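The block underneath contains the structure these notes are about, expressed in structure tokens.
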Ligand SMILES: Nc1ncnc2c1ncn2[C@@H]1O[C@H](COP(=O)(O)OP(=O)(O)OP(=O)(O)O)[C@@H](O)[C@H]1O
């Protein structure tokens, strides 16, 4: 026995005193438990010391703090079981190397995400060589892996470099080819890439496999080909090109058939739901909020379904031309995500329908309640129940109808409602009421107000396909009468109405093209009461967690209410922010955001989503004093803050803006409000847009408006060329400015005014979905954006970039550094929020235009609710603008700068397809001959057509050889006489 013990103690080298190993093991275990508690558990379980330890570890070690408890656990277990810690030394060392390398990498990518300790080391590296610093952690990671896998040090790196060398050698071989071989080679490579892309889409296709195999074989043998073989290969390549084209066309045809089967029916809005509940009942006010909400949800569903339909139509269009693999890929992936999102949308439609069915009977019921003298008591009780649990009460209509039936026989004269409503006690014992009245003398209910058709608009009689959900047609009269926006303009338009068709001179659009400002009836008393109840709940939760703080005030914003919490002296802010999830649970909301401290105050802000949002319409936003009195050079409406202030930004000062957020969070609406803000301020002579919209749905409605210097670019492949053209135009502006000694656009234009020469307009370049461009041609796009972002400000050119993919490969550090103003909409993670704002917070936003806006000069991002502009409103404004004509000196002189460069590097691209069957073509030629010069603006005026169509007519006349090419600011020459016209157009 003694022998056995001896030999055992020999084989297991115990590092500690044999008697104490269990104690040491338990101590380590306790340390691990303490660390786990501090790091993983909410702060109320850890106390002051725990919170300090957690803060210390997290601040200094970043995310690696989560791994810390693992080490004492592992060592504790080993000691307890009397095992030698040496047995795990290799994995432990490897894990430490890997952790440190990971921390270094994350600090280089996202400063301080890996904690302050390593931050001191990585900061100088990051500053001097930026992402180049990733080499260091890369070496560390390979070392860690080598230790773990028992490989000799640096062996992985050596293998990697061997691989690279082989590739480079291969590349060197291709450079040895002569120029003819190279040409052949590059053709072959292009076809190979197209084939590979198609193989990716159709991996089972045998024909593609065979073609690809043949091509690859030929590629290898090119250097040994005789001249005859080369000729043969060229022929084969052209055959394969045709075969590939046929293949893609056939696939496009198959997909189109499927696209045509896709159906997304629009739900119907019951007309009862359009009528507001105008009853002086507390419960009716709550129900009215629900009705508005249902309308809003309906509008959202409609919007989503319309978008899907539009995208499907756009897909069909894409596949109708010459189809390449990237078209197929784009359409297939959009189709896939559309089908997925239809699954969700159809569920949402069904849920909405169910809610409507539950709600509709209440509308008649409330009318009956209002008509009854005793109804006010019922109303007060109903309001109480609704405030307590809205959804549950909504489902109990049967019970309430029965209660009303019991009131039959009461005198049916409506009482003085307001008085009673104020005097009724909310905790009345409803069950004690006697409902058995005799001699019923029912009085007809208050007639429900019938909807009044929206006022005729002076400029467009188009029905609004997507009215603002909260719009009440009956309010049109009141709101328009009380609309403070430019009353003279409105009156002038009434005196001298614009014709509804035909060309009109360029003027700023009038506010009456927008939907009327809705009159949202929200009872402040009820809202304040609800806010006070929530403040009590917050106080209660804070004291349950023994946090010494209390709510001192609140401010109700359009989307969230900010409760101002004052901590007692010595109380840590981190304790309150650590409770955000518990507070959200206590308040029964999805999430709350803590702003610590509120700028300018010594309190902590707790932002809690409102049960009912206050809609901010674009009309109301531009009618605000903030917009009408704005001295900004390029004023853009941003939204309303929690304090009720309307924020109007100045794009000229930003000087470029980045908008990012997850899908459906409100980016497109924001981009629209931004564009329309500028359209309301500037004529096309003063401001021009370049719009790039690879998604093909968001900006295409603006096609044809005179402010566009070229049609909206929808093909990502063209976008890089257009951006290059825009950079070239910026350089041209610099030259023009230096010739007259101007430092910026304002100085240049002032000089031009003095000598009576035309001024240069501001330019705003909008890219809606940067990700699509960055994927197609990342280098070209990034470098053009960089050049514009760094230099364009002085020339009056400004960028607006929008993306739904806030990842570091899209929002590269170069782009972020040069685009300092940011709008973040709701995102799914704090990591995304950091990528956009370099700060967390956007993950707590509630969607639907709820945003954080930041620009240099602000202490921290401001939370705003963006204004809503409906599709119908944008359509009306665009239709109005499309009819405008003006002397387009700028477009005729410099329009081709923005045409982009075609793929072969040749000349500028044409602005969309030419339609030689345009019935106005001959008339356009006659006008030019008659006037002895070719001018787009003259065509616009004389033919009463929009700028885009006149421009196309002129392009066609140029292509036919009737007018000369454009020559700077001079009108085009006429190259034929009227006697030659029959040659072109027949007798
Ligand atoms: N400012 C706003 N006020 C009220 N509702 C809004 C606002 N902005 C957006 N919404 C609602 O959110 C929906 C989605 O908005 P939007 O289409 O702008 O999202 P998105 O981020 O552009 O999505 P996607 O990237 O999929 O196009 C809209 O249909 C609208 O109902």
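Just so it is clear, glycine is given a Cβ too, placed from its N, Cα and C backbone atoms.
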Transmembrane segment per TrEMBL - which of 45-62, 63-80: 63-80
Transmembrane segment according to TrEMBL, located in which of 2-20, 154-172: 154-172
Listed binding-site residues with Cβ under 6 Å from ligand 1, out of 662, 667, 668: 667, 668
Close in space, distant in sequence - residue 663 (ATP binding site), Cβ under 8 Å, 6 or more apart: 804
Per-residue pLDDT averaged over the domain 'FtsK' (643-834), given as an integer: 89
Most Cβ neighbours inside 10 Å, all chains, among the binding-site residues 662, 668: 668
CB contacts for residue 665 (ATP binding site) [other CB atoms within 10 A, all chains]: 25
Residue among the binding-site residues 661, 666 whose Cβ has the most other Cβ atoms within 10 Å: 661
Extra residues within 8 Å (Cβ to Cβ centroid of 661, 662, 663, 664, 665, 666, 667, 668), ATP: 804, 825, 826, 847
